[in-house]
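Below is one structure, written out as structure tokens; the observations come after it.
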């Protein structure tokens, strides 16, 4: 069931290497049997993430589109989202009745956010290997995203990061906004993220 004004658009952001492409891959595979889905990835000078999704068979190749943003990936999702809006329109024309479009940002810093014109729902991915101080550093991705995903929890002992500290700081920085600990390598947390997307997109029980 697509939105009256087009598909429900989920923006997935976060620093380089945090697990954005892995999350996009897992969500596509978990939801593609129930929903009409496309994915758009943003890279600075390549289409590497789109190629990864194609190789992993997250979706059929024609449902995956790579966008080259140039040197400022945050601009393409915030200040001038026209290149991504055009990509969404192209996918919507290619697949009438599209339910969901995942839009993965290029790796950027904690200040990057999606324009509300581009994304109906935002998921921000950080990872434990960057240290347990990341949630308390704040930034729009940490504090304003609809869902914060704290990935790679299996690495916590190796980098001496405290999940308890990250839990406490995430609650403090986000207030009532939800967050989840995940290990995308093993699909831990994926079902909860799927349920969140379906609930927020009015897709549950359809």
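If you go along the chain as it appears here, the first residue is 1 and each next one adds 1.
Even glycines carry a Cβ here, placed using N, Cα and C.
As the structure is a computational prediction, the values presented were derived from the model and not from experiment.
Over in Swiss-Prot, the protein carries these features:
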BINDING   14, 15, 16, 17, 18, 19, 20, 21  GTP binding site
Environment of 14, 15, 16, 17, 18, 19, 20, 21, the listed GTP site - residues of the same chain whose CB lies within 8 A of the CB centroid: 107, 125, 127, 151
For residue 21 (GTP binding site), nearby residues of its own chain (Cβ under 8 Å, 6 or more apart in sequence): 41, 49, 52, 53, 104
Cβ atoms near residue 15 (GTP binding site) (within 10 Å, other residues, all chains): 19
Reduced DSSP assignment, residue 21 (GTP binding site): helix
Residue 16 (GTP binding site): tally of other CB atoms within 10 A of its CB: 11
Other C-beta atoms that fall within 10 angstroms of the C-beta of residue 14 (GTP binding site): 27
Least Cβ-crowded entry, counting other Cβ within 10 Å, from the binding-site residues listed as 17, 19: 17
Under 8 Å by Cβ from residue 18 (GTP binding site), counting only residues of that chain that are 6 or more apart: 107, 125, 126, 127, 130, 151
